[in-house]
Ligand SMILES: Nc1ncnc2c1ncn2[C@@H]1O[C@H](COP(=O)(O)OP(=O)(O)O)[C@@H](O)[C@H]1O
Ligand SMILES: O=P(O)(O)OC[C@H]1O[C@](O)(COP(=O)(O)O)[C@@H](O)[C@@H]1O
Ligand SMILES: [Mg+2]
C-alpha cells in the first residue's frame, strides 16, 4: 500500500514557458521557498519533492524523492504563432501506415532516469518526455523539407538509421522532400545534396558505412544555418557522436535565435558507447560482436604456441566499454586494460609480473587493451597539441608499446615467448549492423521523426532504462559516459580475468584521467559515471 502526495519544493528563477506549464498542470503548485539559479540551461527547470508514504512490515515510512522534468526545447518556446495539425494517421484519407491501436503518446507521459535506488538514499529523478507519435503535430507534412546528415567516425547501423528516417518520414507522415547531405557537416554548404526516396534506401541497411559519407571538422555554424534557410529545410536530422551533438546543439540554438521554424534532432551514434543518459549507443553491440572475433583469434593463436601472449587492441578513445564487454563475452581474456584505470607496467605488482605469472601457470595469456588506455606511456610532449579535424586528441599506440615492453622484459628474464598482436581497428565499425542493432536503429529513427513533428528541437533520442525518450542535447554534451569502476560490471570483468589491481599508488605523471576530452575554448569535462544517470551539470 503506498500513498503518494506531491508538493512543489522549489523552482528556479526563470519564467515558466507555456510548454512547462502544460507539464505542471496535474500537480499542485505550492509556495516556492527556495530559488535556485540555473546557469547552464536557458530553459526553465523545475524541481519537485514527492513524499511517498510506504508501508513496510506495517510500519509507515516517509520517503522523500525530488524530481524535475527535463527541459527539452520546443518550437513553441520561441514561435508564438505555431500552428498545429492532426497527426496524418488520423486523417480520413490517410494513405500512410496506421498503428493498429492508435496509441499516441501524451505530453504527460515521461520516462525516469533512475529505477534502482536505496531506500535510505532516495534519488533525484529526471523525467524525460516519452518518445512516440503525438496526436497533434506542428508541421503540415507536405510542407516539410527534411535534411539528413551523418558525421564523425563510422558506426554499424548508420545506413539503417538513414533508411528508417526516410521510411518513417515518407510512409508515416507522407513527406516527399527528404534530402541526404553528403560528407558530414561541411556538405551543408559545399556539396550537392541527394534526394532520398524509399526506393533508394530500400537495401542500404545491409551495408556497412554510410551512403551519405561522413567527415570530421568542417562545422561552420553560419554557413550551415544559411544553407538550411536558403534550401527551405525545416527538419534537420543529425546522426553522430558527442562532437556532432555538440555542433547540433549550437545549430538548434542558432535556429532559435533567428526564430526559424526548424527542428534539429540528433540520433546518437558511436561504437565507443560514451554518450551519457541513454542506455547504450547504436552500433556498440555489433562492434563488441566483431571485437570478440579478434579475441577468439588471439586465444586460438596463443593456445597453439609455447608461452603464447596475445595482445588485442580495440577502439575506445576515452571509454573502455568495447574492451570490457568483448572481454566479458569471450571469457578467455586474462587481462583487460581500459582508459579509466591507470596501470603500472614494470616492477612488483605491475602488468609484466602478472603476464609472467599467467605463463608459468597456464603457458598462455590474452591481453585486451583499449586504445585510450595507458596514454601517459605513449604520448610525449610533441603529441600534446595533435588534434584531428574535429578537435579530438590523437592517441599514441599503446598496443604496440606493450608488445615491445612485454617481449623485451621477459626476454631479459630468460623467458622465450610467442607474441601475437591483433589490431582489428576499423574492422569492428565498418561492418553492417547486426539484427539487434538494426531494430534499435529503427526505433531511434522513428522516435526522432515523431519528436520533430511534435515540435521538439535540440533533442536527442534514446532509451533510458529501456524506454525511448527525448533528451535535451545540452544534457548529452555536458558529460561523457565512462566505465564506472564501482559498478558490478567492472567487478564481473575482474572476476572473469582474475587480474590484480595494477594501479600505481600515485596517479602517474601524464595520466589525464579517463577523459582526454579537451577542445579549444572549452574546459575539460567532468566525468559522469554510468551508475549515476541523473543530473548532468547539477549539483546534488
Ligand atoms: N564543439 C563542437 N562544436 C561544433 N561542432 C563540433 C564540435 N565538436 C565536433 N564538432 C563537429 O562534429 C562533427 C563530428 O565530430 P567528431 O568528434 O569527429 O565525431 P563524433 O560526432 O562521432 O564525436 C565534425 O564535423 C566536427 O567539426
Ligand atoms: O580514425 P578515425 O576515423 O579518426 O576514428 C578513430 C576513432 O573513432 C572511433 O571509432 C569512434 O569515435 P567517434 O564516435 O567519436 O567518431 C573511436 O573509437 C576511434 O578512436
Ligand atoms: Mg566522439
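Backbone N, Cα and C define each Cβ position, glycine as well.
There are 29 other Cβ atoms within 10 Å of the Cβ belonging to residue 272 (active site, proton acceptor). According to TrEMBL, the active site, proton acceptor annotation covers 272.
There are 15 other Cβ atoms within 10 Å of the Cβ belonging to residue 217 (ATP binding site). Look at TrEMBL and you will find 153, 216, 217, 241, 242, 243, 244 tagged as ATP binding site.
According to DSSP, residue 242 (ATP binding site) sits within a helical segment. Per TrEMBL, Mg(2+) binding site is recorded for 242.
DSSP gives residue 316 (substrate binding site) a coil state; it is part of no helix or strand. Counting every protein chain shown, the Cβ of residue 316 (substrate binding site) has 29 other Cβ atoms within 10 Å. Annotated substrate binding site per TrEMBL: 270, 271, 272, 315, 316, 317, 371, 426, 427, 428, 429, in sequence order.
The domain 'Phosphofructokinase' annotation in TrEMBL covers 146-450.
Annotation comment: TrEMBL describes 243 as site 'Important for substrate specificity'. The Cβ of residue 243 (ATP binding site) lies under 8 Å from the Cβ of 151, 152, 216, 390, 391, 392, each of which sits 6+ residues away along the same chain.
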Near residue 153 (ATP binding site), meaning Cα within 10 Å, which of 270, 316, 371, 427 (binding-site residues)?
270
Quick check on the binding-site residues: of 242, 371, whose CB has the lowest count of neighbouring CB atoms inside 10 Å?
371
216, 429 as binding-site residues, winner by CB count within 10 A:
429
Once the chains shown are all counted, how many other Cβ atoms turn up within 10 Å of the Cβ of residue 244 (ATP binding site)?
28
Listed recorded positions with Cβ under 6 Å from ligand 2, out of 153, 244, 272, 427:
153, 272
Count the other Cβ atoms sitting within 10 Å of the Cβ of residue 241 (ATP binding site), across every protein chain shown.
24
Pairwise CA distance, residue 244 (ATP binding site) versus residue 270 (substrate binding site), rounded so that it is a whole Å:
10
